[in-house]
Amino acid sequence: MKAEGLSGGYGDSRLINNVSLTVEKGEFLGILGPNGSGKTTLLHLLTGTLPAKKGRVYLAGKLLADYKPKELAQIMAVLPQKMDQAFTFTVEETVAFGRYPFQTGLFRQQTEKGEAIVQEAMEQTGVADFAQKPIRELSGGEQQRVYLAQALAQQPRILFLDEPTNFLDLAYQKDLLDLIKRLTRESGLAAVSVFHDLNTASLYCDGLMFMKNGTAGPKQKPEYAVTEQSIKAVYDTDVTALVHQSSPKPMIVIQPEKDSVKRQSIPFEALLQAGRDDILLQTEIPLRTLSSTPIGAGFSWSRTLIHKRLPDQPDPIEGLTACLSESGFQLQETCAMASSERLDRFVYRTYEDGELSVFICVQTGFSIWILINGYAADQFFIKALMAAEAERTKVLGDGGGTGDILIAATQTQQSENIEQRLNQLIKKGTAECIKEAAELFE
């Protein structure tokens, strides 16, 4: 499909201004934008349900306006946001309407091939089990799946969808989009869909196009389209871009309004509890953490930091998990490490620079906790972990300390030159505490 200089709207209004785009065979294009930006209106112009005031749309190399309705229905299908069902047709009868453009003769009877296509479409969308049920008795999500089956029964070359997952629960959202993605990949189906959910569109679409005030930006791969700057420009709100764990597609999270009440620094030293078998620190507010610990590894948010003494086990993670669960700790908000040696010998200090403070604790095996009263960006966490490892190696030599390293921050008190100041505190404090711990452990 190709659209050139498309403009139009309802009545005398022009809601869409000079939009051009192309959709190739096998491509999944997502159209995004705030409410009232013109997404659905553009879809109506692309499908011909709303005549364009200016511009042209080509489908399979032919002007959209030159297609007869039946001819167009054989290559294009549309799944709107919601369809009102005025008649009590069964699910199978509703899906079978998708074969209407292919029926011939006076009585337009269904062929064996058509019946097989209808059955396949129902199975693909998970509605075959209630094929004889009246569609009006189904939930909104079930009806949406029936209408998708109807669209697939047309065996279109291009499929248009307007917020197709609106009435679906998470499992069926995934099933529907997995199916569409699979059809684009295996059957060459072209798909154009309006989305509200940025992350869903980023995960499934090959290209994204943002709209604002009736104009459209360029079509781009999600990796280039979904950035903090572009989202702020389109939606006029602050967001944070994240990296998906199993896909190169970027994810976006919104930023809630910050608490206007200034939080007090956490007295890490006062909260530290230690004995022969564990070192424990718990806070009321969650800490942003980066660690190499068996439980809570990588980036997470934790209220409980614990170093537990456990005998050597075949599966250390399983043993530590069982021990913590039996003790009533919430694993989803816990960073935990384990050692087989006694834990009541350790070194800790607090280092301060104005409103910033860093609590450093060096424990058995030269495990290191670095707890920051202040804000740290994700990249600084990584730098801090590397700096701690470098200082440990400098003092002890290669292989001198193999314990886990944990970095945590309250994520409050953003200050000028914060990274430089924190880095100085961490390097100085880590070196001093490791040297003192080395003497203690001897």
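Glycine too: its Cβ is placed from the backbone N, Cα and C atoms.
The domain 'ABC transporter' annotation in Swiss-Prot covers 1-238, and the record cites sequence analysis as its basis. The feature ATP binding site is assigned by Swiss-Prot to Gly33, Pro34, Asn35, Gly36, Ser37, Gly38, Lys39, Thr40, with sequence analysis given as support.
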Cβ atoms near Gly38 (ATP binding site) (within 10 Å, other residues, all chains): 25
Integer mean pLDDT for the domain 'ABC transporter' (1-238): 91
Proximal but sequence-remote residues of the same chain as Asn35 (ATP binding site) (Cβ under 8 Å, at least 6 apart): none
Among Ser37, Thr40, the one of these binding-site residues whose Cβ has the fewest neighbouring Cβ atoms within 10 Å: Thr40
Intrachain C-beta neighbours of Lys39 (ATP binding site), sequence separation six or more, cut-off 8 angstroms: Ile31, Leu32, Gly33, Asp162, Val194, Met211
Position of peak Cβ density within 10 Å, selected from the binding-site residues Gly33, Pro34, Gly36: Gly33
Beyond the site residues Gly33, Pro34, Asn35, Gly36, Ser37, Gly38, Lys39, Thr40: chain residues whose C-beta lies within 8 Å of the centroid, for ATP: Met211, Lys212
Three-state secondary structure, Thr40 (ATP binding site) (per DSSP): helix
